[in-house]
Structures are given as C-alpha cells and as structure tokens.
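**Student:** My questions all concern the structure below.
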Ligand SMILES: O[C@H]1[C@H](O)[C@@H](O)[C@H](O)[C@@H](O)[C@H]1O
C-alpha cells in the first residue's frame, strides 16, 4: 500500500496562485481512476438494464395491466423511456454546468431507484408508462453526464477506453436484463424491480466521488481542482490547471452571449455539435434498438420456439463485441473503427432483408409476440440465415457505432461541453424514440424486408458522412481537440496530432 509520508510535498505557488499538492503514486491514481469510472459507469449498467428488460417484459405482461396490450400500448411503454430521456438529457447538460457533474449523476441514481420500484408496482398501462418515463429521465441524465465525467477525469491516452467502460456497462446491463427476464419466466415485476439493486450500490459509491476537476476550474475553484488532478496522478497539476484556465479564458474572450450562442456561433463548437449529434443520430437510426426492444417479437414471428432465449444471442453479441471496441479503441482510433465496421453493418442488414424475403412473416395487430404469428411454425433455414445475419450486424455495430458516439464530450471545449453533450445525447434519444415508435408500424406497412432496407440506406449515408466529417481524436488532450476543429472538420489535420499545440 502506498505510504503517504513518503510523498514529496511541493509547496510553491505558481503564477495563477495555485498551490501544488502532495504527489500521488501512479498506481494509486490508476486505482482511483478505475474506481471512479466504475462508480459512474454503473449508470450505464442501469441504462442497459432498464432498456433491455423491456424486451422480455413486453412478452410477459399478458393481461397483468388490465387488458391485452395493443401495438399502441407497446409503443407507448417502450417509447416513454426514450421520450423522457430526450427531454432530460439537455436539462442534465444545463445542470451539469451550473451545479456540477456529480449532483446530476446522483439525482439520476435516485430516479433509477424510484422508477424501478414504481414500474414493478404498476397496475395499469398508464402507471407502467409513468414508471418507464421516470427511468427514462434517469437514463437521459446519466447518459449525457457520465461519459462527460469519465472523459474529464481520464488521461488522454486511455480516455477512449475509459469512456467505453460506459458502453460495456450498457451492453452488459442489457445482457443481465435478458438473462433475468428469461430466468424469472414471466414474473416481470421482479425483473423490472431488480433495476433498483445496482442503483442502491451506486448511491453508496457516489458518497466519496470527487467533482470533475475541469468543472472545478471552470467555476474558479482552482485549489480544489489541483487536489483532484493530483489524486488522478497528474505529474504537474499546476500546469494542467493553468492549461484548463487558459482554455476557459480564451473561450470567455471569444464568447458572444449565452452558452447556446457560443455553441452555435463559434465554428469549432458548431462543428463539434454537428459531429457529436450526427453520430448519435446515426447510431440510433441504423436501427439497432429495434432489435433490443423487439428481437423477441421478431424471433417469435419467424418461428423460434424460445424467442426470449434466442434474443439473448443479440445482447450477448452486442456485449462481446463492445469488449473488442474497449480493447482496441485507443490503438485503432475512433474514426478508423467506424470506417471499418459500418460496411459490415450494411452487409448484415442487407442479408437480413434478403432472408425476410424468403420468410412468411407478417406481424399481427395484437402484439404479445407469442401470439404474433397466426399459426405456430418451426424455423425455416432462412430463419437461421436471419439469425446469423442479425448477429453479424450486431457484432459490427457493437465494435463501432455502438461505442464511438459516447466519446462525444471530447469534441467540445470546456465551456460548452456539458450543453453540447446534453444536446448530442438528446439527439440520440430523439432518434431512439423514432426507431422505437416506427419499427412495428414499418414492419406492418412496408414489410420486414423493406424495413431492414431502410436501415441499409441510413448506414450508407452515414458511412459517407463519417468519411467526410468525423475526425480522429485518439491520444489528444481534451484541450487539443478544440484546435482540431477550428478550421474545418479536422479529418486531415489529425494525421499529425503532435503538431497541434495547446
Ligand atoms: O451505445 C449503446 C449500446 O449500443 C446499446 O446497446 C444501445 O441499446 C444504446 O442505444 C446505445 O446507445
């Protein structure tokens, strides 16, 4: 264990009047960074659990909410979470700026607990929708602020990986939700209520969590920031505090009014917002969550006898390939991962569309999936092709688009970071809402094959846009990324990242 008495004390004051702190060993700092990442990342687990659990819940509710669920009921129960998430995320961005990152994460944690318990006690469709909405507010707030908090405490060369911990937690939470949903065999009140458990654990961990040091500098609390930076293992915490202060001053000079104005009128900020929000929209509009929410419905439709069990393959592949992204993101880089993986998503989706052409599957109007097929059928060889294509699509999604958009906060400069992340997150949830609300109707009107073709087209457009606009940010300090976007999209500039001066 590290002995504090051996730590060299640096007691001089620098130009900014910041007093240096006792040095902390790299090992202790590393442990702390991991602990904070895991504590904050638990919100990702809840995000994943609460969004994943709906798939098995939908097929288990039957008439427990007082009536047989219609397509509209299912869409409302599913979409109320994303609807509230999209309202909560920009608000969370706002409060993360005025009150700090930590209080927002704490409030989200409280809402996770309350929402889980409320859902498990739901007696009719409306109370269920309300419970899902409370959880949605928590998911929206946490998904805007947790990646931002992690990015702000991470060293530049491991930031991609540490922020990806959140994606690992999300996808892990979705696997747990599927397993729990499967294991409790229809007792959905238990599975939705179980979401309160990790949230209670997180509430305990949040007690000792420090505020983001970059936010502290933004608020002029330099001494406190220096303490946190030194706990996080910065060799020269005075230098990093001055660097961040310098950035804040520069931004104040070029600021032209409100934070929103600053975000829209300063070209680097505007580009950051377009890139972050665009990638979040692409993540969702590529259709992945239609599988998250309705894979059991799809598998019932095409004749699998254990649709919930089969849909577990979707969430497990998502988790396993997010692990791959986690392992390589800081080496391969964000842009390259996207450019390599999106073409495989397109292939997977096109092959799903082909498989559906050969499967006789037309969703009926009442949609408890076990009754969604007019006559029981067994899976044809094309159903197996469909399953493999879906897994292929999910795998390529998970190692690129599933993960990279959550790196969003690194694109923004400090003074607009929380608002920019909040708006980009809101775009994610808006698009999530659109996909959740349109998937079943599209399956009805266009048919399954054409529905998947729509996602192919989205991915094709998305690929071209990423190629044109998404810059590489690996290994850059947060303060350097801003420079990257000053004169353009930074797609070429970052071929020489070391040339960028802070
Ligand atoms: O990054 C996550 C992850 O890919 C999840 O599996 C998905 O359900 C979320 O919508 C997405 O934001």
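Glycine too: its Cβ is placed from the backbone N, Cα and C atoms.
All annotation found in TrEMBL is predicted automatically rather than curated by experts.
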**Student:** In TrEMBL, which of 361-383, 384-406 is tagged transmembrane segment?
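**Tutor:** It is 384-406 that TrEMBL annotates as transmembrane segment.
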**Student:** Same chain, outside the transmembrane segment (162-184) by at least 6, Cβ under 8 Å from its Cβ: which residues?
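**Tutor:** Residues 33, 37-38, 40-53, 55-57, 60, 146-147, 150-151, 154, 190-191, 194, 198, 292, 308-309, 311-312, 315-316, 318-319, 322-323, 325-326, 329, 398, 402-403, 406-407, 409-410 contact the transmembrane segment (162-184) from elsewhere in the chain.
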**Student:** Do at least three C-beta pairs under 8 angstroms join the transmembrane segment (69-92) to the transmembrane segment (384-406), pairs 6 or more apart in sequence?
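**Tutor:** Counting Cβ pairs under 8 Å (6 or more apart in sequence), the transmembrane segment (69-92) does not reach the transmembrane segment (384-406), since there are fewer than 3.
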**Student:** Test the contact criterion for the transmembrane segment (337-359) and the transmembrane segment (446-466): 3 or more CB pairs under 8 Å, pairs 6 or more apart in sequence, then answer yes or no.
**Tutor:** yes
**Student:** Going along the chain, which residues at least six beyond the ends of the transmembrane segment (418-440) come within the CB cut-off of under 8 Å?
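**Tutor:** Distal contacts: 71, 74-75, 78-79, 82-83, 85-87, 89-94, 96-97, 101, 140, 143-145, 147-148, 259-260, 263, 269, 272-273, 276-281, 283-285, 287, 289-290, 293-294, 297, 363, 367, 405, 408-409, 411-412, 451.
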**Student:** In this predicted model, what is the average pLDDT of the domain 'Major facilitator superfamily (MFS) profile' (36-474)?
**Tutor:** 91
**Student:** Verify whether three or more Cβ pairs under 8 angstroms connect the transmembrane segment (288-306) with the transmembrane segment (32-49), leaving out any pair fewer than 6 apart in sequence.
**Tutor:** no
